[in-house]
Amino acid sequence: LQTRMQSLQPDPKAQYRSVYGALKKMVLTEGLWRPLRGVNVTMMGAGPAHALYFACYEKMKKSLSDIFQSGGNSHLANGIAGSVATLLHDAVMNPAEVVKQRLQMFNSPYTSVLGCVRTVRRTEGLAAFYRSYTTQLTMNVPFQALHFITYELLQEHLNPLRLYNPGSHVVAGAVAGAVAAAATTPLDVCKTLLNTQENTALSSLNIRGHLSGMANAFSTVYQLGGLPAFFKGVQARVIYQMPSTAIAWSVYEFFKYFLTKQALEKKP
């Protein structure tokens, strides 16, 4: 839904007024499973990407907190750790995101993940899978910095003893995701344009070849829709990120608690 609603010049058959309206229209005209298109490539990338992401975050948060605020919780350390972890995460997820968004577009010419990978590689080269990497980082570094700082700040108030508390992890995760998602929507719109290379939009401005670079993406989005275009899909983005970050944090905190408990019980 987010990919479709961020389209700058959508097909008349794919123009949506709301998230619910988009979902209903997509299911009725394209089938029940259409909204889940691209889930397989996301799952393939998410495992290794999040393993690197949380491992790097925990290690850096501890090391930097000892430097900035020994024995305490430093928000600066949390922000830096989240930003560095994003570099590793996006290096794995960016190609998956390119394939996913191309599969999700209205009237997508791609029918499978492998077919999409082969076609993009043959026609645009391997660089196409990382065309939006710098844009992704430009978006995700502030996103993750805001996300981690907000999450840790809320944990200080909701769970000051830092015990395993599912309720506080869900609430803090959801709020952190919503704040970060809303603030970085303009960058996400630019990333979607770079990933999808939306033909109709680029043709209307007589842009030939492939669009690349954050500056070009910003300029193109502004020319096509002005300032409101930078917030296309913001509602879908926030609705997506709230449960996404809530689930991620609650599952992560559970396994952290479970594995730590197991390790402590094994000690003599």
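Using the three backbone atoms N, Cα and C, a Cβ is placed for every residue, glycine included.
Lifted from TrEMBL, the feature list:
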REPEAT    1-63  repeat 'Solcar'
REPEAT    73-157  repeat 'Solcar'
REPEAT    164-258  repeat 'Solcar'
Mean predicted confidence [pLDDT] for the repeat 'Solcar' (1-63):
89
Composition by DSSP (helix, strand, coil) of residues within the repeat 'Solcar' (164-258):
78 helix, 0 strand, 17 coil
Could you tell me how many residues in the repeat 'Solcar' (1-63) are helical, how many are strand and how many are coil under DSSP?
47 helix, 0 strand, 16 coil
